[in-house]
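This report refers to the structure that appears directly beneath it.
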Amino acid sequence: MVVTTSARGGGGDRAPSRRRGCGFAPAGAAALLAGASCLCYGRSLQGEFVHDDVWAIVNNPDVRPGAPLRWGIFTNDFWGKGMAENTSHKSYRPLCVLTFKLNIFLTGMNPFYFHAVNVILHCLVTLVLMYTCDKTVFKNRGLAFVTALLFAVHPIHTEAVAGIVGRADVLACLLFLLAFLSYNRSLDQGCTGECFPPTASPFFLLLSLFLGTCAMLVKETGVTVFGVCLVYDLFSLSHKQDKSSNGVVHQRSPQQPGSPQPASLPAHPHRESGKQQRFPHKGAWGGCHSSLPPEPKSSGFPVSPRAVWSLMRFLTYSYLLAFNVWLLLAPVTLCYDWQVGSIPLVETIWDVRNVATILLAVVMALLSLHCLAAFKRLEHKEVLVGLLFLVFPFIPASNLFFRVGFVVAERVLYMPSMGYCILFVHGLSKLCTWLNRCGATTLIVSTVLLLLLFSWKTVKQNEIWLSRESLFRSGVQTLPHNAKVHYNYANFLKDQGRNKEAIYHYRTALKLYPRHASALNNLGTLTRDTAEAKMYYQRALQLHPQHNRALFNLGNLLKSQEKKEEAITLLKDSIKYGPEFADAYSSLASLLAEQERFKEAEEIYQAGIKNCPDSSDLHNNYGVFLVDSGFPEKAVAHYQQAIKLSPSHHVAMVNLGRLYRSLGENSMAEEWYKRALQVAHKAEILSPLGALYYNTGRYEEALQIYREAAALEPSQRELRLALAQVLAVMGQTKEAEKMTNHIVSEETGCLECYRLLSAIYSKQEYHDKGNYVSARAYYEKALQLVPDSKLLKENLAKLDRLEKRLQEVREKDRT
């Protein structure tokens, strides 16, 4: 950007302003725009964390609840990984991450408030866009309003507004506009006596630099505002007409020495990095294969495969530009993920899709020539600003300077769509001036209908973004030839326990893209046949030898088959290729502990906690290991850390309760059991609490707790048996007997049942009342299961004596 001093323009003439006095948009227009935005996106307030929200917020160690505010936010990427790591996404957005952190600090993890912030930001962007258009683009305030209204209801914005991670695009767009306005405010636009307008307000110039920097730290595309300001300055504000004393107008050449030049593209071709391309090749997963295509067969001249590959890449990248423009023009087919076969490669120059690329090139060339033709007349800022807002924010996602990690992403069109809306409304206004009254009326009605149609489409898209299921299901319905949407939907179905449906979609993903190692791995986890599961894991490792999840699953499978040394090797490899995979540390350490290699297990746990300090499960499992190793005091700290990292970790709460129970601190144990019940009212939590009450003589409370547990899990034999024991102790022997006999009818080999029945009969003194047959039957069944039980033998002996005595009494009666 050019910074000039006031001395440069001190002798310049002042031109009359081209505009009437215009302050901020009238309250009525602002209210209509805010209302339209809220109506279109109000439904999104009911949405949950979906898709990328889970990784950027819920699982992000820099964001999630309990994580301290630390400098790591400024050294990590958007997903919580260090920028220097090989696995980092390299998306540096610390200010956006801070807004997520502020959300959690003020309102917790309630997704309603996350969505509310996004909707409010979208409303602000819409209002500021109208103000920007009113100040710098259109002479007619009504056109500025229509531009903002089109922007407010455009369906392409749904992913950015309804998806919480889209806040990066929305907030960066807001800061982009504010930086642009501040830059314009900093310049004296009324002076026509100098080549460049002087700086009227250094404060607004510095404010523009600050806001532009903030936009860049919210999302990388925010940096393009500096290029927009530079070119806008060059074409629109600079090189104005200066008049001589005789009134002759002299034109200054835009190519004078010392004049600032617009940012230009590098003359040399862009060199490829070693990374794989990230657009799909027919069924390719997330990008093209690095291998070259086969050499053409029917060619009279030798053709280099690399040349064919370069042509294919150029044609595909060029078509992707036209495809993005088409999404702005006709947002009919929208999807949360456009990878893996969604857009096949343009392989030859005869592909009909090249027509769209050529048409886009012609239109862009005509618009650029129009800007150059209007350069001397200082007219038609609408086309200039429209092109700047359309092109510059899209450059980082255009593959022009570097390849990006996606094929098409709808949310990256949030900022460029401002330029589209300006050009669209400018075109409509021109058409209206060329048409007669009837034609203009028809055009206006058509525009109103288009706005209503866009609003309806936006509302329907918001419903898709309400939940993981609706989002992933919509992907399968919209792009059934996309392997990734089938894979994502299968993952959701697997999490919901709908395994048959999940298997179907995993297999569909593999049909579309047979080299999908993760789909093979997940399919292996769902099959019940261990041989088949092993085959899936091995196939996944053939495709991706460093797939740490497949190594982990295959290691656990071999562990279950008692092939422990092979399992240890695979689990170590899983840790090697995925040092942040906490489950691998837990599984390997437990296997080593089973082999009584406690020192190695200890080292593995400590390494895991060092590499995965935010894994609550790892801290919990290490606590269990410490208890088994005889260090309960150390275990307490790790259980508490697990709960701190995950306040809803009820397993750690129950383990901590059991630990306090073993230490004789019953009140602390009871407190932790009750805290766990507040998180999850489950039978597995009620059971130890009931045992605590039973063992401390609080039978009434134990009876109530066990009744609740048995109602939650009626098929759990242990719970019903524990309930029967409490009933027997409390003297309710008939109900206890009935319940125990019912368990015996389901499982004849229940030793505890026979022991309990023998105790019940002893308590009822059935043998004293002559009911020797039933008592003997249960004693004998119990003895078959426990031949060495002294208690049963003593009871049988007592029963024999009583039967003998009763027999003697009967004989005396007969005589």
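Just so you know, glycine gets a Cβ as well, placed from its N, Cα and C.
Annotation source TrEMBL lists compositional bias 'Low complexity' at 253-266.
Residues or ranges marked as domain 'DUF1736' by TrEMBL: 310-364. Across all of the domain 'DUF1736' (310-364), the predicted model scores a mean pLDDT of 89.
Taken from TrEMBL, the feature region 'Disordered' applies to 244-281.
If you look at the repeat 'TPR' (483-516), the same-chain residues 6 or more away from its ends with a CB under 8 A from one of its CBs are 51, 283-286, 335-337, 339-341, 468-469, 472-473, 475-476, 522-523, 525-527, 543. Taken from TrEMBL, the feature repeat 'TPR' applies to 483-516 (among others).
TrEMBL lists 548-581 (among others) with the feature repeat 'TPR'. Panel annotation: around the repeat 'TPR' (548-581), residues 517-518, 520-521, 524-525, 530, 533-534, 537-538, 540-541, 587-588, 591-592, 594-595, 607-608, 611-612 of the same chain, lying at least six beyond its termini, place a Cβ under 8 Å from a Cβ of the stretch.
TrEMBL lists 582-615 (among others) with the feature repeat 'TPR'.
Sequence annotations record features per position, and here TrEMBL assigns repeat 'TPR' to 616-649 (among others). Counting residues of the repeat 'TPR' (616-649) by DSSP class, helix then strand then coil, yields 27 helix, 0 strand, 7 coil.
What TrEMBL lists as repeat 'TPR' is 683-716 (among others).
Taken from TrEMBL, the feature transmembrane segment applies to 112-132 (among others).
The annotation transmembrane segment is assigned in TrEMBL to 138-157 (among others).
TrEMBL lists 203-235 (among others) with the feature transmembrane segment.
Remote same-chain partners of the transmembrane segment (314-334), defined as residues 6 or more beyond its termini with a Cβ less than 8 Å from a stretch Cβ, comprise 154-156, 158-159, 279, 343, 345-349, 351, 353-354, 356-357, 359-361, 394, 398-399, 407-408, 410, 413, 416-417, 420, 454, 457, 461, 478-479. Annotation source TrEMBL lists transmembrane segment at 314-334 (among others).
For 354-375 (among others), the entry in TrEMBL reads transmembrane segment.
Per TrEMBL, the feature transmembrane segment maps to 387-406 (among others).
The transmembrane segment annotation in TrEMBL covers 412-431 (among others). For the transmembrane segment (412-431), the list of distant contacts is 129, 133, 137-138, 140, 143, 146-148, 150-151, 154, 156-157, 160, 166, 169-170, 172-173, 176-177, 221, 224, 324-325, 327-329, 367, 382-383, 385-391, 393-394, 397, 440, 443, 447: same-chain residues at least six beyond its ends, Cβ to Cβ under 8 Å.
What TrEMBL records for 438-456 (among others) is transmembrane segment. Tertiary proximity for the transmembrane segment (438-456) is limited to same-chain residues at least six positions away from its ends with a CB under 8 Å from its CB atoms, namely 36, 39-40, 146, 149-150, 153-155, 331, 428, 431-432.
Residues 18-19, 22, 25, 29, 32-33, 36-37, 40, 122-123, 125-127, 129-131, 327-328, 331, 334, 382, 410, 413-414, 417-418, 421-422, 424-426, 428-429, 447, 451, 454-455, 457-458, 461 of the same chain lie 6+ residues outside the transmembrane segment (138-157) yet bring a C-beta within less than 8 angstroms of a C-beta in it. Long-range contacts of the repeat 'TPR' (616-649) within the same chain: residues 65-66, 582-583, 585-586, 589-590, 593, 598, 601-602, 605, 608-609, 655-656, 659, 662-663, 679-680, each at least 6 residues beyond the stretch ends and with a Cβ under 8 Å from a Cβ of the stretch. Sorting each residue of the repeat 'TPR' (548-581) by its DSSP state yields 27 helix, 0 strand, 7 coil.
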